[in-house]
Amino acid sequence: MKIALAADHAGYKLKEVVKDFLKERDVQYQDFGTYSEESTDFVDWGEKALDAIVKGEFDRGILICGTGLGMNILANKFSGIRATPCYDLYAARLCREHNNSNVLILAGRMTGIDLAREIVKVWLEVEFQGGRHKRRLDKLRKIEQKNFK
Ligand code: RB5
């Protein structure tokens with residue numbers, strides 16, 4: 001699996017933690033920035049990673065800003081993206097089982113290192129359950145195609 005990673009200044013430190021975690025597990029990734037804690041706009045970094053995912057160059061993404069909220073709004077404007085902010089392990093599991101999340105959103109100012117590592121682990125390992133959940137995602141996809149042509 002190939003992961004596109006991006007963060008703003010408020011997510012920079014947690015992005016480095018996530019990179020270490022992915023390295024430890026031999027998960028391939030590309031870091032689309034930002035590269036320091038200097039103030040910047042989450043939109044610019046998230047857009048680079050999301051463009052690459054939409055082009056099919058990456059299977060999934062992990063985006064981080066202070067609250068996760070800005071990155072979440074951004075990500076769900078991209079075709080085919082199902083971005084899910086996860087502040088706990090329950091959401092990390094359910095967003096995979098039910099929503100087939102392909103972009104994990106983390107909050108650099110709210111989520112501690114150990115919890116973030118656990119969230120990434122669960123989000124990487126848990127499979128989509130399909131069935132009635134696929135029916136719901138198909139309906140979402142139709143709405144997306146109707147509204148974002
Ligand atoms: C930056 O101060 C902060 O607004 C940003 O990281 C994010 O939380 C936006 O939603």
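Cβ from N, Cα, C; glycine included.
According to TrEMBL, ASP8, HIS9, GLY66, THR67, GLY68, LEU69, GLY70, ASN99, ARG132, ARG136 bind D-ribulose 5-phosphate; the candidate from ARG25, ARG109, ARG117 that the record adds to this site is ARG109. Taking a Cβ cut-off of under 6 Å from any atom of ligand 1, the binding-site residues GLY70, ARG109, ARG136 reduce to GLY70. Cα spacing between HIS98 (active site, proton donor) and GLY70 (D-ribulose 5-phosphate binding site): 23 Å, rounded to the nearest whole number. Cα separation, ARG136 (D-ribulose 5-phosphate binding site) to CYS65 (active site, proton acceptor), rounded: 28 Å. Listed in sequence order, THR34, THR40, ASP41, PHE42, TRP45, GLY46, ILE64, CYS65, GLY66, GLY70, MET71 are the same-chain residues six or more apart from ASP8 (D-ribulose 5-phosphate binding site) with CB atoms under 8 A from its CB.
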